[in-house]
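Look at TrEMBL and you will find A:7-29, A:44-65, A:93-126, A:132-151 tagged as transmembrane segment. Annotation comment: TrEMBL describes A:13-160 as domain 'DUF1468'.
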Amino acid sequence: MNQNRDFYAGLVATVFFAVILFVLIPIYVKVPSFIPGFAPPPDMWPRVVAVIGLVMGVLALVLAFPKMREASRNQVEGLGSRVLGNKTHIQRFVGVLIVFAAFVYGMPLIGFVPATVLLLGVLFIMTGNFERKFWMIGLSIIFPVLLYLLFTKVTHTPFPEGKLLSFSLSDLVTL
Amino acid sequence: MWNELLYAFEAVATLPNFLAMFAGIWAGVIIGAIPGMTGTMAVTLALPFTFYLPPVTSILLLVALYKGSTYGGSISAILIKTPGTASAACTVLDGYPLARAGKGGKALNIALVSSCIGDFISNISLFFLAIPLATFALRVGPPEFFMLMAFSLTIVASISGRSLVLGIISACLGLLLATVGEDIYGSYRFALSEDMKSGLGMVPVLIGLFALPELIKMVVFRPEENNDAMKLGDNRLTLAEFRGSIKSIFRGSIIGVILGAIPGIGPSTAAFFSYSEARRTSKNGDKFGEGELEGIAASESANNGSCGATMIPLLALGVPGDVITGVMLGAFMIHGLTPGPLLFQNNLGDVYALFIGILFSSVFLFIAGKATAGAFTKISRIPQTLLLPCILILCVYGIYSIGASPFDVTVLLVMGVVGFAMMLLNIPAAPFLIAFILGPMFEDNMRRSLAISRGDLGVFFQSWISWGFFALTVLFVILTIRREWKKWRNNRNADSASAN
């Protein structure tokens, strides 16, 4: 399997560093019209790193290729086919991405504490192990609230209270 | 001098001073163990309390918090693969595999012992070597700094694991992500959104990269072994194990003292440098990264070894080396003390009292660490299906509290996904880590040096310190190429033999 993984790692790295070098650096690294003294421009270092990364990506591809050929001759299952053969894993991974995105975009709307309560609950469900159901339910509610109290009392962190919910946890706590 | 020391001892050995140190160390250990809560936060939060305390007690409280939090970072690094502080990031590499193997207590014990020894050596050097080390630190300018960083980056070769090429790819990714935000001349790089203009925070990136992939892996693959709690085996540290790590502990402590005395380097670099040296010289070098006690000893002795040493430029020159010593400088000034050469003339009694008090802190660190680590070890008994989601929530709260920024939380989650992808592709995370921490220092000092010399590359070879690090870098690169060449040749021979 390693030879396949090396090939895909090389492929991903090559594409990534090529995009950085040819697309992102020209657009997102602003070179000022005047640079004081003889200081190197701000794009010099990212370019050097991206070139090294690109060369290493291609090298990883080249080094993995003979082993890939050998593996295909020996009928070793490739990473791609293995991933495609495991749709459940892909679905779960996409599920994780959706949950994380929902947390990031939903947190300003429903508030930090309710969002973390929901996030913890959903993650417990996603582990697929329901042997300790009561612990899961209890922890989902109590743990984020305890952390909220700890951080608001000790570090005085102002957690977002949410635009949609009219009440805040701090009101409940101070009642 | 001895009379003054005796008076200073009498002034320090009071109950309020001991209580302040003990409370500071204990609180520091707990704060350091919580992901996202850093020593800087602890020291800053405690600063207002020092208004009401005598000068020496105030500084001792802040120093105790700093030392406690530096050690505390190792607890979460070992038990939950989440470095509580950036300086404990290196401890994750060997600490977590040991915890997974049921030796979490052993790992915590070696971390504690190494931290205390490193801390004690650092305190002694503060006492005796403050002036010479401060003078040496003054000679380290941007070119020397650049060469030191270049040498430190060669560690990528030793922590790349199976493939050097993939290790370098990982390091390049770390170097690139470290360039996001505003550079030293005010230009923005890769600022795709307004939040990205201030760059990516070190703590969210590190915690996301190490702590979250375990959770995502558990959710995606649901491996059976992850449902159980980690086993608790024999957790005592044997004399043979301690003896096996002693060289690395002393080497790490000395590295911590020297690098800690140079303003701007800090405990994270010292930890990586020491880890790298331990790996290069140890007979168990191949086992580093798989759960080697010596790796933890090297990293922890260096990061705590640099704590006392960061006080050297502050006390001797009045130069704060990092944010924490910057806050301490504020505490000195609140009490009418001005650090620098005049402090030794005008307030010698206070300086000696401070030195003696700091010596006691190593003992307090051991006591507080022993008591706290024992309680934290119980985390290992929590089943992974309950523990890992709770760690994520703890990280989310901790990261948000650093800058009250939802963007930091987003970085944490995105880095978790990146870390998981790297795990799938067998790209090692450790080179990313070191490159992300050292990259900005490497680049800034290179650009500063070239700006000073008006583009002349000769600036990098003007002092013996630069030459020394350059020679070491070249030597290590040659040795690495030789090792890789031999490995490639052996593999080729083995392949052709099996084909025949």
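Backbone N, Cα and C define each Cβ position, glycine as well.
Where the annotation comes from TrEMBL, it is an automatic prediction and has not been curated.
With helix defined as DSSP H, G or I and strand as E or B, the domain 'DUF1468' (A:13-160) counts 114 helix, 1 strand, 33 coil.
Remote same-chain partners of the transmembrane segment (A:93-126), defined as residues 6 or more beyond its termini with a Cβ less than 8 Å from a stretch Cβ, comprise 136-137, 139-141, 143-145, 147-148, 159-165, 168-169. Mean model confidence of the domain 'DUF1468' (A:13-160) amounts to 86 (pLDDT, 0 to 100 scale).
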